[in-house]
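Per TrEMBL, these features apply:
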{"type": "DOMAIN", "residues": "1-198", "note": "domain 'Reticulon'"}
{"type": "TRANSMEM", "residues": "12-32", "note": "transmembrane segment"}
{"type": "TRANSMEM", "residues": "38-59", "note": "transmembrane segment"}
{"type": "TRANSMEM", "residues": "104-126", "note": "transmembrane segment"}
{"type": "TRANSMEM", "residues": "132-150", "note": "transmembrane segment"}
{"type": "REGION", "residues": "179-198", "note": "region 'Disordered'"}
Amino acid sequence: MDLIYWKDTERSGMVLTGIVVGLLSLFQLSIITVVSTVSLAVMCFTISVRIYYQILYILSWGDGEHPFKSYLDLDITFSGAQADLYMQKAIVLTLSAVDTLKRLIFVGSLFDSLKLLFLMYLVTYLGDLCNGLTLLIISVIAFFSLPLFYRQRQEQVDGVIAKVQAHVDNFRDILQRLAQGGGPPPDPTPGGAKPKSQ
């Protein structure tokens, strides 16, 4: 969260630049070449720094502390209960996704399946305009820019989202009425009672 909200500008900039440059390099090189080259560069950097600190300690110009001690001491282990919890969440999410796909593909709900059909039709046009790697790069840039933009202009964005949501809900109601036979909109008065004319 600190990265995407740019609390440490230098660190966020380095992470964003590294990810975007790595993805851009995939346009020209294979993923194996990119991963091996990046790994080689990181290993050369870490080994050089480790040797440099060791030389400083030999010359009595340093305290001999490992330069990456904070990373080596970082605890990334899970307890048995935590591992079980995360595994259960992953299983539940997977089964839920499979169940949703099953209902959409085998037309459990005609309206939802038609929405998926229309979405896939739009995706075909999107595929003609750009490839998946381009979308991934755009997604990374949006991931690092949109949360900060929303935080700075929350009121304006919420107003626009509310207007768009109202239009979407209205359009959805129209489609649902058409799917149910094109009946009139539901009566807004409580209990469906008609107000008496004067």
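Glycine is treated like the rest: Cβ placed from N, Cα and C.
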Positions on the same chain near the transmembrane segment (132-150), where near means CB under 8 A and six or more residues out:
3-6, 12, 16, 19-20, 23-24, 26-27, 126, 157
Residues of the parent chain within Cβ reach of the transmembrane segment (38-59), under 8 Å, 6 or more residues beyond its termini:
22, 65-68
Roughly where does the domain 'Reticulon' (1-198) sit in mean pLDDT, to the nearest integer?
82
